[in-house]
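*Asks:* What TrEMBL shows for this protein is this:
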| type | residues | note |
| --- | --- | --- |
| REGION | 1-102 | region 'Disordered' |
| COMPBIAS | 10-20 | compositional bias 'Polar residues' |
| COMPBIAS | 70-81 | compositional bias 'Polar residues' |
| TRANSMEM | 181-200 | transmembrane segment |
| TRANSMEM | 212-232 | transmembrane segment |
| BINDING | Ser273, Lys279, Glu280, Asp309 | UDP-alpha-D-glucose binding site |
| ACT_SITE | Asp309 | active site |
| REGION | 555-594 | region 'Disordered' |
| COMPBIAS | 560-571 | compositional bias 'Low complexity' |
| ACT_SITE | Asp670 | active site |
| TRANSMEM | 740-771 | transmembrane segment |
| TRANSMEM | 777-796 | transmembrane segment |
| TRANSMEM | 868-895 | transmembrane segment |
| TRANSMEM | 901-919 | transmembrane segment |
| TRANSMEM | 931-951 | transmembrane segment |
Amino acid sequence: MASSPPPKKTLNSQSSSVSRPPQAVKFGRRTSSGRIVSLSRDDDMDVSGDYSGQSDYINYTVLMPPTPDNQPAGSSGSTPESKSDANRRGGGGDGAKMGNKLDRRLSVMKSNNKSMLLRSQTGDFDHNRWLFESKGKYGIGNAFWSEEDDTYDGGVSMSDFFDKPWKPLTRKVNIPAKVLSPYRLLIVFRLVILFFFLWWRVTNPNEDAMWLWGLSIVCEIWFAFSWILDILPKLNPINRATDLAALHDKFEQPSPSNPTGRSDLPGVDVFVSTADPEKEPPLVTANTLLSILAVDYPIEKLSAYISDDGGAILTFEAMAEAVRFAEYWVPFCRKHDIEPRNPDSYFSLKKDPTKNKKKQDFVKDRRWIKREYDEFKVRINGLPEQIKKRAEQFNMREELKEKRIAREKNGGVLPPDGVEVVKATWMADGTHWPGTWFEPKPDHSKGDHAGILQIMSKVPELEPVMGGPNEGALDFTGIDVRVPMFAYVSREKRPGFDHNKKAGAMNGNMRALDGLQGPVYVGTGCMFRRYALYGFNPPRANEYSGVFGQDKAPAMHVRTQSQASQTSQASDLESDTQPLTDDPDLGLPKKFGNSTMFTDTIPIAEYQGRPLADHMSVKNGRPPGALLLPRPPLDAPTVAEAIAVISCWYEDNTEWGDRIGWIYGSVTEDVVTGYRMHNRGWRSIYCITKRDAFRGTAPINLTDRLHQVLRWATGSVEIFFSKNNAMFATRRLKFLQRVAYLNVGIYPFTSIFLVVYCFLPALCLFSGKFIVQSLDIHFLSYLLSITVTLTLISLLEVKWSGIGLEEWWRNEQFWLIGGTSAHLAAVVQGLLKVIAGIEISFTLTSKSSGEDEDDVFADLYIVKWTGLFIMPLTIIVVNLVAIVIGASRTIYSVIPQWSKLLGGIFFSLWVLTHMYPFAKGLMGRRGKVPTIVYVWSGLVSITVSLLWITISPPDDVTGGGGISV
C-alpha cells in the first residue's frame, strides 16, 4: 500500500494544523491476488513551496468497495481475507495508538434517505454519496465495509446496492429561469413603480377637484394592495411530472411481499354530484360516469358513485343505461388504449382515429361501438318521454283499479265525488319511485323524499375475467371485461332539516358505501385522504413563525388523554390544532354519529391511506403487500347501514360539517374544507398532467355564468366574515398559503372600488376636471410604466400556463364585468347575512345547451335578464353619455381644455372596451336587444342628464330661456 501516516502523528494534530498542506487521498482497489491497484492519476504528488520540507502531511489510500460498476475482472468482489488484510495494513504501527486511530473515523453524514445509497435515476452509481453518506466504517489509510456489520439501521445491506433504484412517483419541474427570472424582476420593478407612483399621487393633490383626487387615490391604493395579495403566491411557480412507469414498478411488480404482482395501490372512490337533470343533462353525467369506469386503474380498487341530490328518476335510469353501455365501452377502451375515455369527447376528436392503432380489427370495432353509442344517446334523450308515458299508463291502470273497487263497494255505481288517484312516478318494475315525482307530493318532492341506494354494478372479482371472441360482435379475447363497482346514491331529505346544500350531499355520500370501503376520496378535481377529510391532524406537521414564516419548527400537536382532560372541552372543539384522536369518545355519537360499522372503518381508512413504506425515509407508512386482500362483497347489513348513515337525522348532535367532512356554512364548501385541512398542517400538491385529468361543463350563457361567479364570490365573503378567515389561521399555515387564502376572502371587496373607478372617467367628463392637476410627464410616465410591466407579467404567465392571448384578454374583460356585477352583489349579500341574518340562496346554474342541438354554443346567445345586469349596463350608459357631454362642452367652450377631455375619454374607452363582451351578449345571436335594455338605457341617460344639470347648472341663463355657454 502507499505510505501510511507516521505513527506518532494523529489525525487532529494541532502542531501542524496551520501550516499543513491539503490532505491527499488516493483511491485503490484490491485485486483477487491481494495486490492493491491504484485508481488515482496523481500517484506522485508534487509538493513544492513552503511544504516541500515537511513530511507530516497525511496520504490515504481508499479501497473502493465492490459496487455494481466497480467489479474486478473475473472477480465478484473482495474476500473476507482481503478485508482482514486491509485491516492489518491500515492498522500497522504502535498497537495502542493505532487502536485509537482506528476509533477516530472520518466524519460521516448520517442520512435516513435510502435513495442516497442506491442508484440514481440515470442508472449510475454515486460513489461520493455511498462513501460519505452511508454508515460504512472507515479506517486510517483505507475504507471497508465491515463484515460483522453487514446490515445497518433501517435494513440497509450490500444487497440493496444491487437492487432496482428507488424512484419517486412525481418530481418537480421548475419553470425555466429564462421565464421565471424576468417574471420576478418585473414584479419587483412594478412594486417599486407602484410605490413611487402612489407617493407622487399623494403628495401632488388636485386642488381644483379634491373629491376626484381623493376617490381615485383610495381606489388606486386598494388596487395596489389587492394586486400584491394576488401576485405574491405566484412568485415561486412549479409544475409536477408523474412517472407512471415508477408507479407500475412500485405497486404492480412481483416481489417477496407480492409474489403474484397483484396491484398494491389503495382503493379510490370517485364521487360525481348532480342535483337537477334539467339543468345538468343526464347525457353529460352519463359520459362522465363512463370515463370514470374506463379509467386506467386496478378495477377491483376503483368504485364510482353518483350522488343525485334531487332524487330524480331520469338520472337513475340514465345511469342504468350507462352501466349497460359500459359493458362494451370499458373493454373496448382497454383493448385499443382509447384516449380520451369520455365517449362524447372521443368521438368528437378531429384527428385521425386510426393513428397509433396496431390491431387490425380496430376500424371494425370502432364502427360498431360508435353505432352503439349513437343508439345509447337516442335512448338517453328519449328517457323523459318514456318515463312520462310509463307513468301515465300505470296511473291509468291504478285509476281503473280504484274505480272498480269503488263500484264494488258502492253497488256498481261510482261515488258522487268520483275517485281520486295520486299521479305517481313509476319505475320500470311497476313500483313507485321513492324519490321526487313529476307532480310533487308529500314524501316525493325535492326537499322531501326517502334515501335511495342502488348498486348498479357489483364489486368485481379479484382475478381478471377474460372476454371471449363474441362479446356483442366484438372480440375481447384476452381482454379483462370487468367493470368497477358503481352505486346510485340519493340522501334522505325531510322538511325541517337543514340539508346544507352540496356539502351535505358530499358528507352523506362519504358516509355511505364509499365511507365503509376505500380509504381515498376524490372530490371536484381533487383527491383527499379520507383520514384528512375526517378532521384528523397529519402524522407530522410544521409550524412557521416570523414575519414571513421563515422560522420552521415541528408542530407539537399530539396530546395525551390526561393532558386533554385538563383543558376545557369547549376550547378543544373550537381549535383545529387538536386532533380528534385525543378524545376517548372517538366512536361515540358526539363525533361521527352512532354507526359503529362506520366508526370501525376509520382506523382502517387511516391505515390503508398511508404511503407505501418501501423506503427508509417514508414515515408512518404501510408495509408492501398490505392491500392485496380483496374488498369484501356487499351484504345486506352493509347496505342497510349505508342507508342509515345517509338519513337526514344522522348528523344531529355530531360534528359533521363543523370539524368533520365537508365544512358547512359557505356555498364554496371546497375552499373552506381545503383551508381547514391546510390549517391543521396537511400538505397538498398541484399536479398538472399532460392530458387533462378532469374536464367538466360550465355555463356559457352570460346570465348563468354571472350567477356561478356570484356563488363563488358570495362564498368568499362568507369566509371573510367567519372563523375561517386566514387572518385567524394557525401557525401551521405557510406564509404564502396564508396570503393566498386571505386573497380568497378579500377579492370580492375590490368590486366596491372597481365600480367607483369605472364611474370616475364619466365624473371627470361631466365636471370638466380630472384626477390629476394636469397630464404632465410624471403622470404619463408612471402610467405607461405600470401598464407595460403589467402587460409583460401577464404575457409571461400566459407563456407558462399554455393559454392564448385571446383567452387571456377575454379573462381580463370578464374580470371587470364580473367585478362590477356578481362580486358587488356578493358583498351586499354577505353584509346582509352578517348584519341582518338574511340567508343566502343558491341557484343551480344550467349546463345544458340551447334548443339548437347542432350548435354547441346555442345557449351562449340566449339573453336572460337578471338584476346582475343593472350595474354594468349603468356604467356603459353613463360613460357614453359622459363622452357626449364632455365633448360638447369642450368644443363649445371659450377656452377648451383638450388635455382633460382626452384624459377622460381615454379612461372611458378603457372601461367600454372591457365592457364590450357584455354589450355583445345583451344583443343575442342576431343583434336583437331586449326591450328592457332600451328602457333601462333611456332611463339612466335621462336621469344622469337631469341630475347633472341640477348639480351643476349652466353659468348664464337668459330671460328668453336660451342658454349661453
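A Cβ is built for glycine as well, from the same backbone N, Cα and C atoms used for every other residue.
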*Asks:* Which range out of 181-200, 212-232, 740-771, 777-796 gives the transmembrane segment (901-919) the most CB pairs under 8 Å?
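*Replies:* Most Cβ pairs under 8 Å with the transmembrane segment (901-919) come from 740-771.
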*Asks:* Work out how many Å separate Glu280 (UDP-alpha-D-glucose binding site) and Asp670 (active site) at their Cα atoms, rounded off.
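*Replies:* About 20 Å separates the two Cα atoms.
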*Asks:* For Lys279 (UDP-alpha-D-glucose binding site) and Asp670 (active site), determine the Cα separation and express it in whole Å.
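*Replies:* With distance taken Cα to Cα, Asp670 (active site) is 21 Å from Lys279 (UDP-alpha-D-glucose binding site).
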*Asks:* Counting only residues 6+ apart in the same chain, whose Cβ is under 8 Å from the Cβ of Asp309 (UDP-alpha-D-glucose binding site)?
*Replies:* Ser273, Thr274, Ala275, Ser490, Arg491, Lys502, Ala505
*Asks:* Near Lys279 (UDP-alpha-D-glucose binding site), how many other Cβ atoms are within 10 Å of its Cβ?
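*Replies:* Here the count is 16.
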*Asks:* If you count the C-beta atoms lying within 10 Å of each candidate's C-beta, which of the recorded positions Glu280, Asp670 ends up with the smallest number?
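*Replies:* Per-residue Cβ counts within 10 Å for the recorded positions Glu280, Asp670 bottom out at Asp670.
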*Asks:* Would you work out the biggest C-alpha to C-alpha distance among Ser273, Lys279, Glu280, Asp309, the residues that bind UDP-alpha-D-glucose according to the record, and give it in angstrom as a whole number?
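*Replies:* Spelled out: the longest distance between any two Cα atoms in Ser273, Lys279, Glu280, Asp309 is 13 Å.
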*Asks:* Including all protein chains displayed, how many Cβ atoms other than that of Ser273 (UDP-alpha-D-glucose binding site) lie within 10 Å of its Cβ?
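*Replies:* Ser273 (UDP-alpha-D-glucose binding site) is surrounded by 18 other Cβ atoms within 10 Å.
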